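Asks: Grabbed the feature section from Swiss-Prot, which reads as follows:
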| type | residues | note |
| --- | --- | --- |
| ACT_SITE | 23 | active site, proton donor |
| BINDING | 87, 103, 107 | Mg(2+) 1 binding site |
| BINDING | 105, 107, 120, 123 | Mg(2+) 2 binding site |
């Protein structure tokens, strides 16, 4: 499949391990694609939950997906600074319909003051049994939590202030064309 290019809009779909659709984001603007990564932005993007509820994102958010890492990163740009929501998830695939990944419940939230929290551990444990997550997936996810925490600690990639400034500036340039 041809990679989307800068300024294109794509749909993002997250699934659960059992194959059920979890959440959809419509009209994510692509800022950059490479063979292994996609950087985009959601700004007042329509989100549809699996139960049909809909809502619109409140602030601009730089989104980062990679084909090697078992997480994706949402950097929410707010008046009081940047906060992050990181999903432990399968590497993404891109087809003619959408960018797709499997959401594995565990999340890491990074507040604008730098505080980190691992979220939804109970939900992960319930779904691990209910959906029969294989032990190798459990291991991979736990190892990727460590990678993610290291990225946060060392301000790597999306956790770098310069990264956010560069991609937010590029978004504003594309938006105002």
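Yeah, the Cβs are placed from backbone N, Cα and C, and that goes for glycine too.
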Asks: By a 10 A CB contact count over all chains shown, which of the binding-site residues listed here is most packed: 105, 120?
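Replies: Result of the Cβ crowding comparison: 105.
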Asks: So of 103, 107, 123, which of the binding-site residues has the fewest other Cβ atoms within 10 Å around its own Cβ?
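Replies: With the binding-site residues 103, 107, 123, fewest surrounding Cβ atoms within 10 Å: 123.
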Asks: Nearest to the residue listed as 'active site, proton donor' in three-dimensional space, by Cα, is which of the binding-site residues 87, 103, 107, 120, 123?
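Replies: Answer for the nearest of the binding-site residues: 103.
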Asks: Would you pick out, from the recorded positions 23, 87, the residue whose Cβ has the largest number of other Cβ atoms within 10 Å?
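Replies: The most densely surrounded of these recorded positions is 87.
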Asks: According to DSSP, which of helix, strand or coil covers residue 123 (Mg(2+) 2 binding site)?
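Replies: Helix, per DSSP.
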Asks: Cα of residue 123 (Mg(2+) 2 binding site) to Cα of residue 107 (Mg(2+) 1 binding site): how many Å, rounded?
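Replies: Residue 123 (Mg(2+) 2 binding site) and residue 107 (Mg(2+) 1 binding site) have their Cα atoms 10 Å apart.
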Asks: For residue 120 (Mg(2+) 2 binding site), identify the closest of the binding-site residues 87, 103, 107, judging by Cα separation.
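Replies: For residue 120 (Mg(2+) 2 binding site), the closest Cα among 87, 103, 107 is found at 107.
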Asks: In the same chain, outside 105, 107, 120, 123, whose C-beta lies within 8 angstroms of the Cβ mean position for the Mg(2+) 2 site?
Replies: 88, 104, 106, 119, 121, 122, 124, 127
Asks: Quick one: which residues besides 87, 103, 107 have a Cβ within 8 Å of the Mg(2+) 1 site's Cβ centroid, in sequence order?
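Replies: Other same-chain residues near the Mg(2+) 1 site: 14, 71, 72, 85, 86, 88, 89, 104, 105, 106, 120.
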Asks: About how far apart, in whole Å, are the alpha carbons (Cα) of residue 87 (Mg(2+) 1 binding site) and residue 105 (Mg(2+) 2 binding site)?
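Replies: That separation, Cα to Cα, works out to 7 Å.
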